[in-house]
Amino acid sequence: MIEIFRVVTKGRGRRVRSVKNSLNCPFPLLFCCGMFCAAGKNMFLFVLENLGQTIIPDLGSLESQNDFRTPEFEEFNGKSDSLFFNDGQRRIDFVLVYEDESRKETSKKGTNEKQRRKRQAYESNLICHGLQLEATRSVLDDKLVFVKVHAPWEVLCTYAEIMHIKLPLKPNDLKNRSSAFGTLNWFTKVLSVDESIIKPEQEFFTAPFEKNRMNDFYIVDRDAFFNPATRSRIVYFILSRVKYQLINNVSKFGINRLVNSGIYKAAFPLHDCKFRRQSEDPSCPNERYLLYREWAHPRSIYKKQPLDLIRKYYGEKIGIYFAWLGYYTQMLLLAAVVGVACFLYGYLNQDNCTWSKEVCHPDIGGKIIMCPQCDRLCPFWKLNITCESSKKLCIFDSFGTLVFAVFMGVWVTLFLEFWKRRQAELEYEWDTVELQQEEQARPEYEARCTHVVINEITQEEERIPFTAWGKCIRITLCASAVFFWILLIIASVIGIIVYRLSVFIVFSAKLPKNINGTDPIQKYLTPQTATSITASIISFIIIMILNTIYEKVAIMITNFELPRTQTDYENSLTMKMFLFQFVNYYSSCFYIAFFKGKFVGYPGDPVYWLGKYRNEECDPGGCLLELTTQLTIIMGGKAIWNNIQEVLLPWIMNLIGRFHRVSRSEKITPRWEQDYHLQPMGKLGLFYEYLEMIIQFGFVTLFVASFPLAPLLALVNNILEIRVDAWKLTTQFRRLVPEKAQDIGAWQPIMQGIAILAVVTNAMIIAFTSDMIPRLVYYWSFSVPPYGDHTSYTMEGYINNTLSIFKVADFKNKSKGNPYSELGNHTTCRYRDFRYPPGHPQEYKHNIYYWHVIAAKLAFIIVMEHIIYSVKFFISYAIPDVSKRTKSKIQREKYLTQKLLHENHLKDMTKNMGVIAERMIEAVDNNLRPKLE
């Protein structure tokens with residue numbers, strides 16, 4: 001117990017002092033009681049002061065250690081489904097795997113000997129900490145050794161108290177309120193998991209475990225009091241903190257470092273059975289089999305997730321991820337329905353799109369000659385070659401898009417607010433309400449705690465890894481590294497822009513120059529379309545390459561930053577990775593939406609990039625269709641790439657492993673060896689799963705005004721994603737170490753930031769990227785007098801009104817020569833802008849239409865933002881983060897728990913005081929009786 005306590009409190013003096021202070025006598029009722037408390041306190045303080053003499057042996061020079069305590073080797077007993085040591089009594093809580101150095105085929109004997117000594121020292125210290133080890137050689141490869149780890153009852157109780165693990169006090173007798181949708185019970189029953197197969201978990205009142213109050217806890221069976229997930233978590237806590245070497249006062253410790261250095265090949269908890277069939281052991285709960293059958297199997301795709309069983313088997317961290325993903329998918333259903341309705345509205349009304357008809361009409365669009373869009377080789381072209389793209393644009397650039405953008409601004413707020421309520425319910429049901437107070441420091445942080453400072457609150461000494469100045473230096477270096485990589489992404493985006501500008505000239509020269517609307521190549525593959533598609537594909541490839549590199553860099557930066565707890569570590573890494581991914585994934589979309597075609601000048605005075613490349617222009621219908629193309633390629637490509645990484649790679653790796661073992665497949669292999677040949681999950685666990693979904697959430701919300709079908713694609717992807725992730729966890733990967741989690745961490749504020757930004761981006765897409773505002777201005781102001789010639793409001797003449805006229809003779813001669821003189825006998829051409837025609841006193845200056853459109857765009861953005869933000873803030877205020885029912889249940893449970901503990905404490909005190917009083921009376925009686933006699 002002393003050794004264990006010392007290891008946990010190393011570098012954290014406050015815990016030792018809090019224990020000292022907690023020894024003050026609470027009730028000075030009797031003098032003898034006070035003497036007893038004082039004596040007990042002094043004795044405990046004496047023990048604490050001598051902790052340094054009983055800590056784990058410091059190994060120093062490895063060669064000097066000859067008294068290692070090693071695990072006993074046992075032969076495999078032939079029970080392939082067994083989860084116990086060979087004695088059938090002690091449960092396997094963790095498995096360590098190493099390759100026997102004496103049987104390695106290598107000449108590095110010195111290195112092998114050092115590794116062996118480190119491993120022996122580590123295992124010896126595990127045994128000194130009370131863990132029990134049993135080693136068994138591999139059935140298929142005699143070089144591999146599996147060390148099975150068991151934590152006995154005393155060790156579990158000790159560390160449950162140190163880790164503040166909440167355990168059952170008594171069954172929960174609070175009744176759950178019946179569903180408000182009682183008439184739909186038949187429907188929800190079809191979607192729910194069959195309770196006869198997966199039985200509901202019994203609910204308990206819980207409290208942080210204390211050994212001295214063990215009688216207060218609901219201990220029916222010692223073997224079942226700590227479930228397998230809790231046992232594995234406790235053992236991993238010990239494995240992560242046990243030292244194996246001390247050189248120059250620098251400790252080396254932890255199973256993670258041993259695995260990374262190759263001393264151990266793997267460390268993992270066991271699955272409880274095979275996923276395709278139940279275990280032959282009648283005591284096995286077969287939870288993996290149930291999860292596969294009712295959760296991961298394709299036939300269960302329509303059912304709700306068994307979240308309680310997921311949490312019980314994999315821990316709260318995995319459970320909260322699937323709870324969030326399931327809730328997000330449910331909310332996407334509403335967004336997808338509205339999005340499809342808006343898409344169908346545009347599709348059904350595309351034949352009524354007047355401006356598209358004018359583009360396709362041979363007497364209107366067929367006679368409008370457009371100016372060349374580059375300085376070399378680009379010909380004059382007729383407007384009607386963009387007929388097909390204008391028809392497609394009518395589907396997306398309609399009034400339904402505006403309605404959908406406003407709806408999504410409200411939808412994202414509803415999703416976030418209702419998720420907070422659902423999250424609060426899960427915190428109560430899964431006992432993570434006060435998790436932040438329970439979380440321990442990371443072992444990497446504890447090892448660096450060498451600086452002593454005075455705590456401002458307690459005014460006592462505590463150890464920290466670096467001073468305030470050192471912390472500032474680390475933060476500066478980390479921020480600089482992140483900023484450098486963001487600049488690198490921006491540089492790659494500029495490279496893509498340069499590619500677009502240069503390759504557009506090539507496509508303009510290579511694609512058919514015949515202005516013939518019946519040519520299928522020219523009809524569908526215009527220079528603008530070809531440039532957009534190829535640039536999007538190259539952009540996607542660069543995004544994937546930079547992602548792979550930056551992942552490693554972000555981990556290195558976060559490790560250097562040295563966060564205190566695992567939650568702090570993950571939140572810090574999350575912010576770095578998302579900031580990078582935000583720029584990486586969305587920068588090209590922001591460029592197309594808000595910069596392309598906005599600063600091009602006019603044919604006589606174009607704007608050049610870097611003094612060389614002429615800025616690219618949008619199609620006459622705007623850049624909205626190109627933005628839709630970019631989103632489709634990135635979202636689709638990302639989904640395909642992620643599925644290849646998540647599904648095919650682990651499946652192929654396991655398939656290759658089974659192929660190599662096929663010749664020895666007739667041998668019966670134990671549970672631990674079967675799990676060893678599965679794939680490891682990775683250091684960051686679910687981090688990449690969250691990142692994938694948050695990036696998708698950004699595409700669904702930030703640019704949804706250009707692609708109403710994005711929620712539908714996301715919905716289909718997520719329905720498959722839930723089952724694919726479930727299949728992957730239950731069949732292809734080793735069992736993860738269960739971890740506690742209160743919420744989804746830093747992803748929550750990230751989503752809130754995206755939700756706020758989405759209102760601005762969608763308003764600006766409608767205002768500046770689509771042609772909705774110019775069309776409305778023309779319809780209500782410029783189609784009728786005094787600016788128009790029509791007698792009633794109409795969209796006729798819109799195309800002619802929005803294309804300015806340029807005189808070919810006004811092309812400026814550059815040093816490279818005028819390339820337009822041989823491209824036809826055209827005297828004028830048209831271009832997309834609102835400028836006065838040649839011959840006007842203010843020729844080529846912006847006309848009155850331009851200023852009306854600018855004013856309308858700004859007014860639209862302000863009005864739309866204020867309306868949506870007002871609705872969002874009202875919804876946020878009206879919907880509390882924690883429902884009244886959940887809040888009452890939390891308060892009720894806390895009250896009953898405190899009452900129960902207090903009553904039991906009073907009973908113990910009364911019993912103890914009665915015993916003391918009897919002894920005092922007996923002692924007094926014994927002293928007075930001789931005198932009276």
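Count begins at 1; order follows the chain as displayed.
Cβ from N, Cα, C; glycine included.
For reference, TrEMBL has these:
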- 84-307: domain 'Anoctamin dimerisation' (DOMAIN)
- 310-893: domain 'Anoctamin transmembrane' (DOMAIN)
- 321-348: transmembrane segment (TRANSMEM)
- 399-419: transmembrane segment (TRANSMEM)
- 482-509: transmembrane segment (TRANSMEM)
- 529-550: transmembrane segment (TRANSMEM)
- 577-595: transmembrane segment (TRANSMEM)
- 693-716: transmembrane segment (TRANSMEM)
- 750-770: transmembrane segment (TRANSMEM)
- 848-869: transmembrane segment (TRANSMEM)
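Stretch with the largest number of CB pairs closer than 8 A to the transmembrane segment (750-770), among 399-419, 482-509, 529-550, 693-716: 693-716. Residues 304-305, 307, 310, 394-401, 403-404, 407-408, 411, 414-415, 418-419, 422-423, 426, 686, 689-690, 693, 697, 700, 704, 708-712, 714-715, 718-719, 721-722, 725-726, 744 of the same chain lie 6 or more positions beyond the ends of the transmembrane segment (321-348) yet place their CB under 8 Å from a CB of it. Here the transmembrane segment (529-550) has Cβ contacts under 8 Å with residues 389, 485, 488-489, 492-493, 496, 499-500, 503-504, 507, 511, 577, 580-581, 584-585, 588, 616, 626, 629-630, 633-634, 637-638, 641 of the same chain, all six or more residues outside its ends. Within the chain, the transmembrane segment (693-716) has long-range Cβ neighbours (under 8 A, six or more residues past its boundaries) at 325, 328-329, 332-333, 335-336, 338-340, 342-343, 346, 396, 400-402, 404-405, 408, 412, 578, 581-582, 585-586, 589, 593, 624, 627-628, 631-632, 634-636, 638-639, 747, 750-751, 754-755, 757-758, 761-762, 765-766, 769-770. Over the domain 'Anoctamin dimerisation' (84-307) the predicted model carries a mean pLDDT of 84.
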